[in-house]
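According to TrEMBL, the region 'Disordered' annotation covers 58-99. Annotated compositional bias 'Basic and acidic residues' per TrEMBL: 72-85, in sequence order. Positions annotated as domain 'LCCL' by TrEMBL: 110-205, 211-304.
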Amino acid sequence: MNIWGQIWPKAVYLVCNYSPKGNWWGHAPYKHGRPCSACPPSYGGGCRENLCYQGDESETHYSPQEPEETNEIERERTKTQEPKPRTHTPTSSTRTEELDKNEVINTQQMSQLVTCETRLRDKCKGTTCNRYECPPGCLDSKAKVIGSVYFEMQSSICRSAIHYGIIDNDGGWLDVTRQGRRDYFIKSNRNGVQSIGKYQSANSFTVSKVTVKAVTCQTTVAQFCPFQKPVTHCPRIYCPRNCMQENPHIARVIGTRIYSDQSSICRTAVHSGVIQNHLGGYVDVMPVDKRKQYIASYQNGIFSESLQNPPGGKAFRIFAVI
């Protein structure tokens, strides 16, 4: 190969962008192209002896039909804007999905948030008064506790729970069970709480720890925690994700707001809106006596069944945990 007058028998021909600008007259040739094909039109030149030449336009011999080429780095072509596809705003698409699923959100809780001074007599009104959430710092409270193991109704709920060892000074959840009348209440000092005694008949209650259990999408209240008399406490339940996709003939949902205990706990939780299907989460259930009628509905992408005068079985309500 002839490289600027020198013969290189074993040379490799490379094209480098930093070589002289094209096949210009008076410069060593960068490459041999077709006649006049490599002359940049911006110089308005022509071609002489297969080299670019700035001369009269009359000396130009290249054909205008041929594609023009250069030995320069190609300048980036101006990008033509492609039409953007129309997309719905997230708000509108979300609304459409919500309408399709008939989205319902339920934030009703079975547990009640109380203060360190709250007495069971002040708070307990109705059957839902059995699970409480206590704040931290109740050891420093002066609220009184009457009794040991069995506490009088005028006792502080949270300080009674600390006294019995259900929670500590960091607070937490506890279950309360009403126990009827007791003839007397014994004083004691436990876990930093001094209780007082009372030798007079009064209504009483006990406290217990809130346990947590994980279940499957098919678990029912009838299997897990059926209604009994006297009323018992069900553990707090953790539901897995994506129970909406479970077979509806196996994991049934029967009713609306109040459900048959033959219903799947977790699919019922999605239907009622206390958890989201793609997240799962914690729920509380309260078994209740049977109902004569269960009403069907479509909520959160799940069809529930209706049922009238069931021969057996009980019912339950389901609550959010926030």
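Glycine is no exception: its Cβ is also placed from the backbone N, Cα and C atoms.
Averaged across the domain 'LCCL' (211-304), pLDDT for the predicted model comes to 96. Residue counts for the domain 'LCCL' (211-304) under DSSP, helix first, then strand, then coil, are 15 helix, 31 strand, 48 coil. Helix, strand and coil counts under DSSP for the domain 'LCCL' (110-205) come to 15 helix, 38 strand, 43 coil.
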